[in-house]
Amino acid sequence: MAQGLIEVERKFIPQPGIEERLQELGGILEHRLTFQDSYYDTPELSLMRADHWLRLRQSSGWELKCPGAAGVSGPHTEYLELTAEPAIVAQLCEVLGAGGLGAGGVVDVLGPLRLQEVASFVTKRSAWKLVLSRANEEEPLLRVDLDTADFGYAVGEVEAMVHEEAEVPAALEKINKLSSMLGVPAQEKAPAKLIVYLQRFRPQYYQRLLDVHSSREKPQGTKDADSSLG
């Protein structure tokens, strides 16, 4: 698989006063923005069932999230993020068992791979960043995104991006520490926006994910129906 950044994150349900608490902790509001996400998969949800999540974000382009290290447990998720289109196409072809599609972009392989839009919604986000301890120059930068989808669901996430698997435990420790400081219950698992969207508006897709994961765990980002999808 092509190299990408490893995203380690934890989702939570934002409580009243969350932005004031972030300010108290030294958080800096980077921006507020609104964007549309569209997710693509085959009619059988071959990608999602393999824990791969293909998204087109307005003004940002394509992203494919691929499962991170095996054995991840707890209320967090870990994914490898691919944003370079050649790497995305190569991984799509590998997961879907297709070859010989050439070196085109993602749009060029949607038809041959039978990929279609399965969900689309608009999100309003306030994006924050902070470092828990400024005494350590190598302290990982944490990001907190507070999202409200246009179908009425609000979710937050604490996130760190790392380059190597060996960096994940330290990042996770900081994520859990900040989550605790924000008042997030230790074992809270909040569903991702996509999972809630499918449950509410595409129940046949949601049920298909439940069925295929029933012998293991609930769909993505769940890892009990809690998702890593942003």
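In case you wondered, yes, glycine gets a Cβ from its N, Cα and C as well.
Under the heading domain 'CYTH', TrEMBL lists 5-201.
The Mg(2+) binding site annotation in TrEMBL covers E7, E9, D145, E157, E159.
Annotation source TrEMBL lists substrate binding site at K11, R55, R57, K65, R125, E157, K193.
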Binding-site residues compared (R55, R57, R125, K193) - the one with the fewest other Cβ atoms within 10 Å: R57
Entries of K11, R55, R57, K65 which, being binding-site residues, have CA atoms within 10 angstroms of E159 (Mg(2+) binding site): K11
Taking residues K11, R55, R57, K65, R125, E157, K193, which bind substrate in the record, the widest Cα spacing (Å, whole number): 20
